[in-house]
Structure formats: structure tokens, C-alpha cells
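Worksheet: the structure to be examined is printed underneath.
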Amino acid sequence: MNALAATSRNFKQAAKLLGLDSKLEKSLLIPFREIKVECTIPKDDGTLASYVGFRVQHDNARGPMKGGIRYHHEVDPDEVNALAQLMTWKTAVANIPYGGAKGGIGCSPGDLSISELERLTRVFTQKIHDLIGIHTDVPAPDMGTNSQTMAWILDEYSKFHGYSPAVVTGKPVDLGGSLGRDAATGRGVLFATEALLAEHGKGIAGQRFVIQGFGNVGSWAAQLISEAGGKVIAISDVTGAIKNVNGLDIAKLVKHSAENRGIKGFNGGDAIDPNSLLTEECDVLVPAALGGVINKDNANDIKAKYIIEAANHPTDPEILSKKGVLILPDILANSGGVTVSYFEWVQNIQGFMWDEEKVNAELRTYMTRAFGDVKQMCQSHNCDLRMGAFTLGVNRVARATVLRGWEA
Ligand SMILES: NC(=O)C1=CN([C@@H]2O[C@H](COP(=O)(O)OP(=O)(O)OC[C@H]3O[C@@H](n4cnc5c(N)ncnc54)[C@H](OP(=O)(O)O)[C@@H]3O)[C@@H](O)[C@H]2O)C=CC1
Ligand SMILES: O=C(O)CCC(=O)C(=O)O
């Protein structure tokens with residue numbers, strides 16, 4: 001099932017559990033605005049290249065729309081739409097005063113030079129600058145983008161609107177980025193996993209983890225899980241997969257990956273087939289790369305007891321719930337990133353920097369509270385964690401929508 005169909009199905013199921021009015025349900029599902037722009041740049045060799053950029057602004061009932069910008073060759077309008085909708089429920093689950101949005105450009109960032117990436121980002125910003133803003137829509141990094149991308153957006157946006165650091169989050173600390181934002185999604189994954197395992201009388205220490213993806217989210221999750229005593233036994237990225245049943249040395253792997261542009265060739269483990277990574281024997285599986293990777297083709301072979309959805313929409317939940325695997329859904333598990341993005345925006349607006357200890361302590365408070373709120377919804381609606389998170393998010397957005405009213 002494609003990401004948009006799956007996300008909308010989850011939303012409709014939650015709306016049914018909540019007994020939402022059908023007209024309200026319809027209005028919550030339709031995106032506020034969908035933007036599609038042509039981005040043509042001169043390449044370094046002087047030839048022209050054209051790309052399509054998207055920004056879907058899904059809902060703003062609870063505050064400015066918020067969500068990352070993805071650079072990936074598979075970016076398409078349906079997926080961006082689904083990811084924008086997920087952001088609306090995610091910010092509501094985290095209980096931060098935002099709506100949801102997501103953007104992307106269909107391109108292969110690894111094939112572009114730094115100056116080509118900069119030109120592409122600036123052209124995209126020129127096309128959307130009137131539709132984003134500190135109190136309307138605040139972009140952030142996602143797959144294939146990073147703090148440098150945010151710095152270019154900030155700079156280009158500021159040419160039109162004056163210096164505006166709060167227009168993006170996840171920017172470099174030197175430009176007003178928050179301490180702790182880089183690690184935030186991975187740290188949130190750690191806190192959410194701790195909360196889930198604690199419910200079952202377990203801790204991180206001693207559990208065997210398998211992680212797909214070693215970018216921002218996967219590498220930070222691996223480092224923090226490993227520092228907390230978890231045994232990370234297998235990891236993959238686009239270059240390959242490696243396994244060490246005694247636990248991989250994550251600090252060495254981070255160094256190797258930075259020096260070699262990927263984990264391939266790391267000598268602290270055995271190379272394995274990346275296609276078998278998700279079905280490796282382990283306690284906790286952490287997909288932290290693409291969507292749709294756990295599907296009808298491999299779901300029956302999954303051996304993990306817990307799946308922590310660090311990526312957005314990595315699993316087809318219908319298949320796995322039948323197998324009794326416990327899934328911590330994306331809109332809760334990876335909400336640490338947008339939560340610290342919120343802290344960054346608050347710091348920019350206040351003009352006051354927090355130290356990293358405060359950022360991490362507040363993040364723990366938000367993640368733990370969100371987990372508890374989701375559990376409460378699971379109890380009151382007799383549902384699994386995904387529906388608990390969806391009912392929580394949808395209910396908060398529905399309440400805000402009704403309170404704001406529809407009078408012209
Ligand atoms: N960044 C953030 O704050 C947040 C991100 N997310 C989600 O987390 C996921 C990862 O994002 P992020 O870490 O930022 O992205 P990055 O671009 O930093 O990293 C993505 C990682 O996935 C790897 N990858 C890509 N394709 C495959 C594949 N087919 N098999 C295995 N690995 C693959 C990449 O490998 P390589 O580098 O070699 O290409 C890279 O290691 C996405 O789903 C994103 O939406 C969710 C919340 C917040
Ligand atoms: O930090 C943000 O604003 C958004 C992060 C994001 O894109 C996500 O949570 O999927």
C-alpha cells in the first residue's frame with residue numbers, strides 16, 4: 001500500500017474510534033495547500049538540469065506548519081503528501097504548537113556537487129519563500145538534507161524578508177541552531193525505546209538491536225543505544241550491511257563511514273546481504289532510512305520482538321500486527337527531531353540559547369509524556385500503539401479546529 005493510502009487509512013480508523021463528524025474528518029484529511037515548482041539550475045559543466053520540488057502544507061490548526069525537506073530520487077507528490085499529514089499528527093502527539101508540512105525535491109543528492117546542491121536549494125527557496133515563514137511554515141532537514149541545506153534556505157529567504165533565523169530549524173549552531181538538534185531524533189528514539197521496554201520490565205542494556213540506515217537518525221540512534229549498553233549487532237546503509245553478534249563498535253563505524261562515504265569495508269564485522277538485514281535475529285529492529293521497507297515480502301520473516309519506527313512510514317502495520325510484533329509508531333518514535341526543532345524556534349524567538357543539558361532534559365520530558373499520553377489512548381480506545389498515537393494526534397487537531405471555527 002502506498003504511503004498516502006496507508007496514512008489516510010490510519011487517520012480514518014482513528015477518526016472512527018473517536019467518533020469524529022464526517023465533515024470534520026474530510027476537512028482534516030485534505031491538505032491546506034500543495035505546492036509544486038520547477039527548479040532549473042546550471043550544472044558545474046554549464047549544462048542545465050531541471051528538478052521538481054514539492055511542499056505540502058497539511059494543517060495549521062495548532063500553529064505554524066512544520067516539517068522537513070527531503071532530497072531523494074524517489075520523492076513524489078503522494079509520498080510528500082503522506083509525510084506532511086504524518087507531521088500534523090506527530091506535532092500533536094508531541095504536544096508542540098505546530099501543524100504539519102513536508103517538502104522534497106526529486107534528485108540524487110549524492111550525484112550533485114556542493115555548489116550544485118546550493119544552487120538547487122536557493123532556486124527552490126526563491127520559488128517558495130512567499131509561502132513559508134516563522135509563523136506560517138518552518139522547514140527542517142530530512143533525508144538527503146542537513147544543517148548546511150538549512151543555512152542556504154535561511155540565507156536565500158533572508159534576502160527577501162530580512163534576517164530570519166527562525167524560518168528554518170536544524171540549522172548550524174553558528175547561525176542560531178539549537179545544541180542537541182543534530183542528535184535529537186536519535187536521542188528521542190532512545191528515550192521512546194526506553195519507555196517501551198520499561199513497560200515490559202526491560203532496559204536498553206543487553207538487548208540486541210539491528211538498525212537500517214546510518215545517516216543522521218540511524219547513526220545517532222546507534223551511538224546513543226550503544227552508550228546506554230544496547231548491543232547493536234547489525235547496520236546497513238546504501239553502500240552495504242555489516243554484522244557482529246558481539247556488538248559493533250559504533251564510534252569506529254562513525255569514523256569509518258565519514259572517511260569512506262559509507263559503512264562498506266568496515267573491518268569490525270562481517271559484510272552481509274543488505275536484503276537480509278531486516279530479518280536478522282534480534283530483539284529490537286530500528287528502520288531508520290526509507291519508507292515501506294517492511295512489507296508483505298519480508299514481514300513474515302521478521303524475528304524482532306519490537307520495531308521502533310525511526311524512519312517515517314517504514315512498515316505496513318496491518319501485516320505485522322497479526323504476527324504479534326510490538327511496533328512503536330513513527331509519529332511517536334521519531335518525534336524527538338521536531339520536538340528539538342520546536343526548542344530551536346523558541347530559542348530563536350526568545351533570542352536566548354539553552355545549554356545542551358537543558359535541551360536533552362526537556363526532550364526526555366516531552367518524549368516520556370507523549371509515550372504516557374499514547375498509552376492512555378490505547379487503554380481508553382482498546383487499541384495498539386499506532387492507533388493510540390493516531391487517536392491522540394487526531395483528537396488534539398480536531399479540538400483545535402473546532403475551537404477556531406469556520407466563520408468567514
Ligand atoms: N532527520 C531528522 O531529524 C528526522 C528524520 N526522520 C526520518 O528518518 C529517516 C532517515 O532520515 P535521516 O537520517 O535524516 O536521513 P539521512 O539522509 O541522514 O540518512 C539516511 C540513511 O539511510 C540510508 N539509506 C538510504 N537508502 C537505503 C537503503 N535502501 N537501505 C539502507 N539504507 C539506506 C542512507 O545511506 P547513504 O548515506 O549511504 O545514502 C543513510 O545512511 C527518514 O525516513 C526520515 O524521514 C524522522 C524524523 C526526523
Ligand atoms: O524537525 C522538523 O521540523 C521536522 C522533522 C521531520 O521532518 C520529521 O519529523 O519527519
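For all residues, glycine too, the Cβ spot is worked out from N, Cα and C.
Unlike curated records, TrEMBL annotations are generated automatically.
The Cβ of Lys102 (active site, proton donor) has 30 neighbouring Cβ atoms from other residues within 10 Å, across all protein chains displayed. Sequence annotations record features per position, and here TrEMBL assigns active site, proton donor to Lys102.
Look at Lys66 (substrate binding site): DSSP puts it in a strand. Long-range C-beta contacts of Lys66 (substrate binding site), restricted to its own chain and to partners at least six residues apart, with a cutoff below 8 Å, comprise Met87, Thr91, Tyr98, Gly99, Gly100, Ala101, Asp137, Val138, Ala140, Val338, Ser341, Tyr342. Positions annotated as substrate binding site by TrEMBL: Lys66, Lys90, Ser341.
Taken residue by residue with DSSP, Asn216 (NAD(+) binding site) is part of a helix. The Cβ of Asn216 (NAD(+) binding site) lies under 8 Å from the Cβ of Pro141, Asn146, Asp182, Thr185, Gly186, each of these being in the same chain and 6 or more residues away along the sequence. The NAD(+) binding site annotation in TrEMBL covers Thr185, Asn216.
Secondary structure at Asp142 (site 'Important for catalysis'), taken from DSSP and collapsed to helix, strand or coil, is coil. Marked as site 'Important for catalysis' by TrEMBL: Asp142.
In the three-state DSSP assignment, the secondary structure recorded for Thr185 (NAD(+) binding site) is helix.
Cβ neighbour count for Thr185 (NAD(+) binding site): 29 (other Cβ atoms within 10 Å of its Cβ, all protein chains included). Screening the recorded positions Asp142, Thr185, Ser341 for a C-beta under 6 A from any atom of ligand 2 leaves Asp142, Ser341.
Within the same chain, the residues at least 6 positions away from Asp142 (site 'Important for catalysis') whose Cβ sits under 8 Å from its Cβ are Gly67, Gly68, Ile69, Arg70, Leu83, Lys102, Gly104, listed in sequence order. With a cut-off of 6 Å between Cβ and the nearest atom of ligand 1, the recorded positions Lys90, Lys102, Asp142, Thr185, Asn216 reduce to Asp142, Thr185, Asn216.
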